[in-house]
Amino acid sequence: MRYQGREVDIEGRVRLVMESALTARDRVGVQDFVLLENYNSEAAFIENLRRRFRENLIYTYIGSVLVSVNPYKELEIYSKQQMERYRGVSFYEISPHIYALSDNTYRAMRTERKDQCILISGESGAGKTEASKKILLYYAVTCPTNDHMAILGDRLLQSNPVLEAFGNAKTLRNDNSSRFGKYMDVQFDFRGTPVGGHILNYLLEKSRVVHQNHGERNFHIFYQLLDGGDDDLLITLDLERNPQNYRYLVKGNCPRVSSISDKNNWKVVMKALPVIGFTEEEVQKLLNIIASVLHLGNTQFGEGEEGDTYITTETQTSNLAKLLGVDGSALREALTHKKLTAKGEEMISPLNYEQAVSARDALAKAVYGRTFTWLVEKINQSLALKVHSKDSSVIGLLDIYGFEVLQQNSFEQFCINYCNEKLQQLFIELTLRSEQEEYETEGIAWETVQYFDNKIICDLIEEKHKGIISILDEECLRPGETCDVSFLEKLEDTVGSHPHFITHKLANGKTRRVVSREEFRLLHYAGEVNYNVNGFLDKNNDLLNRNLKEVMCQSDNQILSHCFRREEVIDQKRPEMAATQFKNSLMKLMEILMSKEPSYVRCIKPNDAKQPGRFDEVLVRHQVKYLGLMENLRVRRAGFAYRRRFEAFLQRYKPLCPETWPNWHGRLVDGVSTLVNHLGYKAEEYKLGRSKIFIRFPKTLFTTEDALELISCFSELCYTNFGMFSLAEYKIFLGVNVCTCVFRCVVIVIQSGWRGMKARRRAKRRRQAAELIRRFIKGFIYRHEEYCPENEYFLDHVRYSFLKNLRQNLPKSVLDKSWPTPPPSLVEASEHLRRLHMRNMVIKYCRRVQPEWKKQVLFSSRLQINLKVIQTLGSDKVQYGVSVIKYDRRGFKPRPRQLLLTNTFAVLVDRTKIKQRIDYAALRGISVGSLSDGMFVLHMPTEDNKQKGDAVLHCSHVIEVVTKLAMMANKTSYVNINPGSIRFTVARGKEGIIDFIRGSELKVAKGKRGHLLVVSQRLF
């Protein structure tokens, strides 16, 4: 067998196995944390992150785990060329990247025919959502596709802005924070083509609908609707643009965010909904629900003398009932009363003020939460696999909240951190299992790994009858007076002895200072977190009054009737509590993930200010701890730090051994054994498996890499100075001790070679410069002669320079008559080019002329002329008439007039009175602007006392008017088109100015400098 050091990927392409050079590690760190020498040091871990971040290297591996640091700026590493660079390439062959992980997962799914999943986690603002977008975009661009699959890929990508609008919000840490967990399955057929998708959502933060902390906002869709919706839509929904008018939007006191354009995002969402498959009716029903939530927040209550509650905003309630599609009186009754069932009898009980407000907020949360669930179901219908196949495979994407520790941690943080405990437990279990399987496959003895097993914390939270969730449910269901404090007392009685549970009552003197009487502390795998129990019972109950459900079930809004089923009212069984629902959905998610081969993306944000280039070590250390990255590294490094297939290792390092250079004949394992023996590896430093070599210490690998680079450098220099080595000479060279015999020679060779190279480069540049100057001087002398060898270089340069300058300064409009002056040798060619360019611009302009413009010049008159005016004109017959607006010379006040053209003069008429006569012979010129504003000026002689100055007019048919007037007055050469401004004469020789600027709509007004300011679109 003759080994050539090549590897064949799944598409049959042959690639040389290469690895990134390790010599830059002092500047940019190592690209795999497994290669850190001091892998137990958190400081070394963070310093490696800092070095790479400073060089814009935001991706680093921990074995097969990808660590991503948010750069807070655009990097040129996500182009289609980059996708092709990583496509089909071995995972460690080139630098770490999200595309490398995506491609490795895709190829593993294709080759092994086993479902895969990518778990993305991190703190809010760390870039989790962007990472999932990059993965989906990679699959959409690089996977084989057809027309149907292109539509599916478009739907997958377009689902992101819709879910972000309804499920994301501005928080203190992130302007676009996902307030729900998302798991998405992308289904592929046997060819590797994406054919379907499915989304599961977890724990939407419904409490944000009714309350936001200071500096935070509600969900994006509310602000997008108010800012981006057109006036007719807002009138239909009875909404106003100012978000400060809605109580559910003012609590955070942050209606606008500089980094967010709600108007542009609204357009993106409205464009995406039809692509996903929403009909116009469904979009309108959806917007009705969003508007109803805002109206619900503005519903106010009053309290009677006997404590009963009534609604004080009747108009608001009527609009609310109309948008929800329910009966108004039934809705009012349900918001102020509750229905109780006792011994088979129903009773109606009035609500006090606090209960009514709570019922209103519960309805708002229920309507929004269930609508969001319906939205996800609707997206799933559009992504569903149309034809089921047994050979289909799946890649799952889990974009879920990272470990959260806030100043005030409540029920939501408890659920989020419980989720992260389960994911950490799964991660350690799968990582150890993967490591153990690889060791067993390679025939290497498995060494027991010491690590923190967080099962004890998971049991504390989820254990039946004894866990925190079970105790919370029991307290919610217990008859009698229950409150959050009683729940805390029950916890102290039941789990007070647990080593990972502390309260103020159970704590020692030092800890008691930082744990209040309303808090309990859990010692998570990532650190200690204090949870405030206030609101735990209400958020866990998450119940809606029965009579409110009955009203919603009768809605004629199809979305709400789908969300609120009639069976829900009939069924007397109490629904599961929120924490139990979340626990059960989390268990199902764990089952899904356990059935797949996982890959991991750990996202880190470098600072809280979202500033590029800033690395906050304290914040990063906090995240490294909470993401469990050091624990991950310790598990990965418990055995061997580096492992490679025999062929890859032999191909890279075979120049270091005379027996393996240039080719190895024999078994690969024997070649690798020969190589490591020559390099002096000790028995405890490595192991040989069945197909891979395992190296225990990074230092061993770095020493080997340094020797390879030294050999390569010395060989190149010796070849440059002394010629090519023979094979025998090279083997003699490899047999000596490089470190003791070569360094002095290397220094001398480098110095002399470098000086010689610099001198040769300088001499070459001088010769080239002298030759170039000589040719230019000779060409300048012969520049007026015919084209010949003496002047060809100079004339070619002159022509090239002219054409290059012409390309950059071509006229952009048919009105622009400028043209660069050509050299003598290009006069004729320049004239041909000018005519061709002008003809091309005229053709383009003519194609843009709209039919209504053409029709303008065909009409003889556009108005009915008063009989008294015709009598006043006598024998002078009116040939053309049109309505115009005349602007006064003082103050530019608009006056409606009629412009009538006869054979010899024109007149301006106000109803029945002729205001001004303009003789064609006296007309000095006609000026118009280059914008579509309709302004034109008739210039009159200043010495004519009968005239009051130039006439400033506006007409909707300016092209028609100017054409008729110029032709009848025989003044076609007197028409001037002024692109910037027009000067005109006012009475007594004074001068006025009209300024033209571009804008979105026509506007004529007096400017700051006393000029007439005209804003309009460009016409030419």
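Using the three backbone atoms N, Cα and C, a Cβ is placed for every residue, glycine included.
Taken from TrEMBL, the feature ATP binding site applies to GLY122, GLU123, SER124, GLY125, ALA126, GLY127, LYS128, THR129. Under the heading domain 'TH1', TrEMBL lists 842-1018. Annotated region 'Actin-binding' per TrEMBL: 586-608, in sequence order. Residues or ranges marked as transmembrane segment by TrEMBL: 732-757.
Annotated features taken from TrEMBL, shown on the structure.
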residue: GLY122; record: ATP binding site; Cβ contacts under 8 Å, 6 or more apart: SER68, LYS128, GLY402, ARG602, CYS603, ILE604, LYS605, GLN623, LEU627
residue: GLU123; record: ATP binding site; Cβ contacts under 8 Å, 6 or more apart: ARG173, GLY402, PHE403, GLU404, CYS603, ILE604, LYS605, GLN623, TYR626
residue: SER124; record: ATP binding site; Cβ contacts under 8 Å, 6 or more apart: THR171, ARG173, ASN174, SER177, SER178, TYR401, GLY402, GLU404
residue: GLY125; record: ATP binding site; Cβ contacts under 8 Å, 6 or more apart: ASN70, ARG173, ASN174, SER177, LYS605, ASP608, LYS610
residue: ALA126; record: ATP binding site; Cβ contacts under 8 Å, 6 or more apart: SER68, ASN70, GLY402, CYS603, ILE604, LYS605, GLN623
residue: GLY127; record: ATP binding site; Cβ contacts under 8 Å, 6 or more apart: SER68, ASN70, CYS603, LYS605
residue: THR129; record: ATP binding site; Cβ contacts under 8 Å, 6 or more apart: ASN160, GLU164, ASN168, ASN176, SER178, ASP399
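Remote same-chain partners of the region 'Actin-binding' (586-608), defined as residues 6 or more beyond its termini with a Cβ less than 8 Å from a stretch Cβ, comprise 49, 53, 62, 64-72, 98, 101, 104-105, 108, 112, 114-123, 125-128, 131, 173, 183, 200, 202, 394, 396, 398, 402, 418-419, 422, 426-427, 430, 614-616, 619-620, 623-624, 627, 629. Those same-chain residues not listed among GLY122, GLU123, SER124, GLY125, ALA126, GLY127, LYS128, THR129 yet with C-beta within 8 angstroms of the centroid of the ATP site C-beta atoms are ASN70, ASN174, SER177, GLY402, CYS603, LYS605. Looking just at the domain 'TH1' (842-1018), the mean pLDDT is 83. All chains included, 27 other C-beta atoms sit within 10 angstroms of the C-beta of LYS128 (ATP binding site).
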